[in-house]
Amino acid sequence: MDWKSGTQLPIWLLQLLDELPMIYSCCIFVYCMFESFKAKNTVNYHLIFILMLFSLIVTTVYLKVKEPVFHQVMYGLLVFTLVLRSIYIVTWVYPWLRGLGYTSLGIFLMGFFLWNVDNIFCESLRSFRTKVPPFVGVFTQLHAWWHILTGLGSYLHILFSLYTRTLYLRYRPKVKFLFGIWPVILVEPPKKHL
(Lines of atoms letter the chains of each structure in order from A; the text may use other names.)
(Lines give C-alpha, C1' and ligand atoms only; values in the text may rest on other atoms or scores of the structure.)
Protein backbone atom coordinates (compact mmCIF):
# COMPACT_ATOMS: atom_id res chain seq x y z
CA MET A 1 0.00 0.00 0.00
CA ASP A 2 1.14 3.50 -0.79
CA TRP A 3 1.57 5.10 2.62
CA LYS A 4 0.12 8.43 1.43
CA SER A 5 -2.95 7.50 -0.56
CA GLY A 6 -3.69 4.04 0.78
CA THR A 7 -3.58 2.58 -2.74
CA GLN A 8 -1.50 -0.39 -3.78
CA LEU A 9 1.93 0.31 -5.28
CA PRO A 10 2.42 -0.79 -8.88
CA ILE A 11 4.24 -4.14 -9.17
CA TRP A 12 6.90 -2.64 -11.44
CA LEU A 13 7.82 -0.14 -8.73
CA LEU A 14 8.47 -2.97 -6.29
CA GLN A 15 10.37 -4.83 -9.01
CA LEU A 16 12.73 -1.84 -9.24
CA LEU A 17 13.83 -2.58 -5.67
CA ASP A 18 15.03 -5.97 -6.94
CA GLU A 19 16.40 -5.07 -10.34
CA LEU A 20 18.15 -1.70 -9.96
CA PRO A 21 20.42 -2.91 -7.12
CA MET A 22 21.55 -5.67 -9.49
CA ILE A 23 22.89 -2.95 -11.80
CA TYR A 24 24.50 -0.99 -8.97
CA SER A 25 26.20 -3.98 -7.32
CA CYS A 26 27.44 -5.29 -10.66
CA CYS A 27 29.01 -1.87 -11.32
CA ILE A 28 30.90 -2.28 -8.03
CA PHE A 29 32.10 -5.72 -9.21
CA VAL A 30 33.27 -4.19 -12.49
CA TYR A 31 35.17 -1.46 -10.63
CA CYS A 32 36.88 -3.99 -8.35
CA MET A 33 37.90 -6.26 -11.22
CA PHE A 34 39.37 -3.41 -13.27
CA GLU A 35 41.17 -1.93 -10.28
CA SER A 36 42.66 -5.15 -8.92
CA PHE A 37 46.10 -4.41 -10.41
CA LYS A 38 46.51 -0.87 -9.06
CA ALA A 39 48.74 0.38 -6.26
CA LYS A 40 47.34 0.63 -2.75
CA ASN A 41 45.25 3.68 -1.87
CA THR A 42 44.55 4.73 -5.45
CA VAL A 43 41.12 5.68 -6.76
CA ASN A 44 40.12 5.65 -10.42
CA TYR A 45 37.72 8.59 -10.51
CA HIS A 46 37.30 8.29 -14.27
CA LEU A 47 35.98 4.70 -13.97
CA ILE A 48 33.80 5.64 -11.00
CA PHE A 49 32.29 8.48 -13.05
CA ILE A 50 31.63 6.18 -16.03
CA LEU A 51 29.98 3.49 -13.88
CA MET A 52 27.89 6.03 -11.95
CA LEU A 53 26.81 7.66 -15.21
CA PHE A 54 25.94 4.22 -16.62
CA SER A 55 23.86 3.48 -13.48
CA LEU A 56 22.10 6.84 -13.69
CA ILE A 57 21.28 6.41 -17.38
CA VAL A 58 20.01 2.84 -16.87
CA THR A 59 17.88 3.97 -13.91
CA THR A 60 16.43 6.95 -15.79
CA VAL A 61 15.68 5.03 -18.98
CA TYR A 62 14.22 2.09 -17.05
CA LEU A 63 11.90 4.40 -15.10
CA LYS A 64 10.69 5.87 -18.39
CA VAL A 65 10.31 2.75 -20.55
CA LYS A 66 9.42 0.20 -17.83
CA GLU A 67 10.65 -2.61 -20.10
CA PRO A 68 12.25 -5.63 -18.35
CA VAL A 69 14.18 -6.57 -21.50
CA PHE A 70 16.05 -3.24 -21.25
CA HIS A 71 17.14 -4.13 -17.71
CA GLN A 72 18.13 -7.65 -18.75
CA VAL A 73 20.27 -6.35 -21.62
CA MET A 74 21.99 -3.71 -19.45
CA TYR A 75 22.64 -6.25 -16.69
CA GLY A 76 23.87 -8.73 -19.29
CA LEU A 77 26.27 -6.09 -20.61
CA LEU A 78 27.78 -5.66 -17.14
CA VAL A 79 28.04 -9.43 -16.64
CA PHE A 80 29.66 -9.77 -20.07
CA THR A 81 32.23 -7.13 -19.04
CA LEU A 82 33.00 -9.12 -15.89
CA VAL A 83 33.31 -12.35 -17.87
CA LEU A 84 35.78 -10.79 -20.31
CA ARG A 85 37.89 -9.27 -17.51
CA SER A 86 37.91 -12.54 -15.57
CA ILE A 87 38.91 -14.53 -18.64
CA TYR A 88 41.74 -12.05 -19.25
CA ILE A 89 42.98 -12.52 -15.66
CA VAL A 90 42.91 -16.33 -15.73
CA THR A 91 44.39 -16.49 -19.22
CA TRP A 92 47.19 -13.93 -19.06
CA VAL A 93 47.85 -12.90 -15.46
CA TYR A 94 47.11 -15.73 -13.01
CA PRO A 95 46.40 -18.91 -15.00
CA TRP A 96 46.47 -21.02 -11.83
CA LEU A 97 43.23 -19.28 -10.78
CA ARG A 98 41.30 -20.81 -13.69
CA GLY A 99 39.48 -23.27 -11.44
CA LEU A 100 38.11 -20.61 -9.10
CA GLY A 101 37.51 -18.10 -11.89
CA TYR A 102 35.70 -20.47 -14.24
CA THR A 103 33.72 -22.10 -11.43
CA SER A 104 32.41 -18.74 -10.22
CA LEU A 105 31.58 -17.64 -13.76
CA GLY A 106 30.01 -20.97 -14.70
CA ILE A 107 27.73 -21.06 -11.65
CA PHE A 108 26.76 -17.42 -12.09
CA LEU A 109 26.08 -17.79 -15.81
CA MET A 110 23.98 -20.90 -15.18
CA GLY A 111 21.84 -18.81 -12.81
CA PHE A 112 21.70 -16.00 -15.39
CA PHE A 113 20.62 -18.51 -18.05
CA LEU A 114 17.88 -19.98 -15.80
CA TRP A 115 16.64 -16.47 -14.98
CA ASN A 116 16.22 -15.74 -18.68
CA VAL A 117 14.49 -19.08 -19.31
CA ASP A 118 12.14 -18.27 -16.41
CA ASN A 119 11.41 -14.83 -17.87
CA ILE A 120 10.58 -16.31 -21.27
CA PHE A 121 8.62 -19.39 -20.16
CA CYS A 122 7.15 -18.21 -16.83
CA GLU A 123 3.52 -18.96 -17.70
CA SER A 124 4.34 -22.38 -19.15
CA LEU A 125 6.39 -23.30 -16.08
CA ARG A 126 3.57 -22.21 -13.76
CA SER A 127 1.12 -24.33 -15.71
CA PHE A 128 3.50 -27.30 -15.64
CA ARG A 129 3.90 -27.02 -11.84
CA THR A 130 0.13 -27.38 -11.35
CA LYS A 131 0.27 -30.78 -13.07
CA VAL A 132 3.24 -32.35 -11.27
CA PRO A 133 3.90 -33.31 -7.64
CA PRO A 134 5.30 -30.48 -5.50
CA PHE A 135 8.72 -32.12 -5.11
CA VAL A 136 9.08 -32.09 -8.91
CA GLY A 137 7.78 -28.54 -9.20
CA VAL A 138 10.53 -27.28 -6.89
CA PHE A 139 13.09 -27.98 -9.59
CA THR A 140 11.17 -25.83 -12.08
CA GLN A 141 11.28 -22.76 -9.80
CA LEU A 142 13.93 -21.23 -12.04
CA HIS A 143 13.72 -17.81 -10.43
CA ALA A 144 14.64 -19.39 -7.09
CA TRP A 145 17.52 -21.25 -8.74
CA TRP A 146 18.62 -17.93 -10.24
CA HIS A 147 18.94 -16.47 -6.74
CA ILE A 148 20.78 -19.50 -5.37
CA LEU A 149 23.20 -19.87 -8.27
CA THR A 150 23.95 -16.18 -8.78
CA GLY A 151 24.40 -15.76 -5.03
CA LEU A 152 26.90 -18.62 -4.93
CA GLY A 153 28.58 -17.50 -8.16
CA SER A 154 28.85 -13.94 -6.84
CA TYR A 155 30.37 -15.17 -3.59
CA LEU A 156 32.94 -17.22 -5.47
CA HIS A 157 33.65 -14.26 -7.74
CA ILE A 158 34.26 -12.09 -4.67
CA LEU A 159 36.76 -14.72 -3.50
CA PHE A 160 38.35 -14.66 -6.96
CA SER A 161 38.57 -10.86 -6.84
CA LEU A 162 40.02 -10.89 -3.31
CA TYR A 163 42.55 -13.55 -4.25
CA THR A 164 43.59 -11.59 -7.34
CA ARG A 165 43.93 -8.30 -5.44
CA THR A 166 45.80 -9.68 -2.43
CA LEU A 167 48.14 -11.66 -4.66
CA TYR A 168 48.94 -8.52 -6.64
CA LEU A 169 49.70 -6.68 -3.38
CA ARG A 170 52.17 -9.48 -2.54
CA TYR A 171 50.13 -10.99 0.27
CA ARG A 172 49.84 -14.76 0.44
CA PRO A 173 46.17 -15.71 -0.06
CA LYS A 174 45.06 -19.31 0.33
CA VAL A 175 41.69 -20.91 -0.38
CA LYS A 176 40.54 -23.00 2.60
CA PHE A 177 37.31 -24.91 3.06
CA LEU A 178 35.17 -24.54 6.18
CA PHE A 179 33.76 -27.93 7.12
CA GLY A 180 35.41 -29.29 3.99
CA ILE A 181 32.88 -27.66 1.65
CA TRP A 182 32.59 -23.86 2.00
CA PRO A 183 35.49 -21.93 0.42
CA VAL A 184 37.03 -18.93 2.17
CA ILE A 185 40.16 -16.89 1.57
CA LEU A 186 42.80 -16.71 4.28
CA VAL A 187 45.41 -14.01 3.74
CA GLU A 188 48.86 -14.08 5.27
CA PRO A 189 51.04 -10.95 5.29
CA PRO A 190 53.85 -10.64 2.76
CA LYS A 191 57.10 -12.37 3.63
CA LYS A 192 59.68 -10.03 5.10
CA HIS A 193 62.92 -9.99 3.18
CA LEU A 194 66.00 -10.07 5.42
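Heads up, residue numbers simply count up from 1 along the chain you see.
Using the three backbone atoms N, Cα and C, a Cβ is placed for every residue, glycine included.
According to TrEMBL, the protein has these features:
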- 12-33: transmembrane segment (TRANSMEM)
- 45-63: transmembrane segment (TRANSMEM)
- 69-88: transmembrane segment (TRANSMEM)
- 100-117: transmembrane segment (TRANSMEM)
- His143, His147: Zn(2+) binding site (BINDING)
- 144-164: transmembrane segment (TRANSMEM)
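Listed stretches 45-63, 69-88, 144-164 were compared with the transmembrane segment (12-33); the greatest number of C-beta pairs under 8 angstroms is found for 69-88.
Taking Cβ-Cβ distances under 8 Å and a sequence separation of 6 or more, the neighbours of His143 (Zn(2+) binding site) in its chain are Trp115, Asp118. A 10 Å cutoff on Cβ-Cβ distances gives His147 (Zn(2+) binding site) a total of 14 other Cβ atoms nearby, all chains included.
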